[in-house]
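Below: one structure, written as structure tokens.
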Amino acid sequence: RALRLAGGRSRCEGRVELEQEGTWGTVCDDGWDIPDADVVCRQLQCGHAVRAPGNAAFGRGHGPILRDEVGCEGHERHLWECPAAPEHDCSHKEDAGVVCSEHQEWRLSGGRDGCAGRVEVFFRGIWSTVCNSTWYDLEATVLCRTLGCGNMLQRLSFGHTLPGKMVYLCGSLQPSLVQCRWAFNKSAPCYQSWAAGVICNGAGS
């Protein structure tokens with residue numbers, strides 16, 4: 001029996017999918033809540049649950065619906081240890097999803113559109129700024145491409161005003177910043193740094 005998240009932007013976000021007897025299926029959102037999602041995040045080594053969205057928030061799955069009325073207490077090691085209803089009355093528009101604390105998503109804020117501004121990262125349930133101490137053309141280009149904003153035009157600097165600080169260091173042109181080396185709230189690489197910003201050559205909403 002395997003478990004995965006599908007349809008999200010990282011392996012730690014998405015629609016909950018279980019494998020049973022060689023077939024992948026989904027979980028119904030009836031009774032789906034944070035303790036249920038916590039078990040999924042911990043099983044996938046993705047930290048703890050930040051959100052437990054239902055209503056096929058990450059798209060509708062395929063195959064059988066393998067769990068309904070899941071009732072985890074939150075301490076279980078595997079999702080299938082949790083009690084669940086033997087029968088379901090669900091369709092895939094009720095597929096359950098999870099956003100775990102180790103999921104990272106990015107945005108550019110304060111610019112003229114979504115492809116320019118201060119770099120902010122959502123991680124462990126909060127939005128944080130990114131230190132510019134290792135924010136070079138390579139890191140800025142990876143972010144622009146991740147956001148669908150083309151390539152980097154210019155790097156900018158701002159003051160830090162959000163609670164956390166993230167550092168990225170990419171050795172090569174990775175598909176996403178999460179594949180680069182990163183550290184969260186470590187004081188040394190962020191000492192006297194500014195918050196990173198970027199203007200990409202694409203246009204965003």
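Numbering starts at 1 and runs along the chain as displayed.
Yeah, the Cβs are placed from backbone N, Cα and C, and that goes for glycine too.
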What does TrEMBL give as the disulfide partner of C180, choosing from C170, C190? C170
According to TrEMBL, which residue among C82, C90 is joined to C72 by a disulfide bond? C82
Long-range Cβ environment of C170 (disulfide bond), under 8 Å and at least 6 residues apart: L138, E139, V142, L177, Q179, C180, R181
Overall pLDDT of the domain 'SRCR' (3-101), taken as the mean: 95
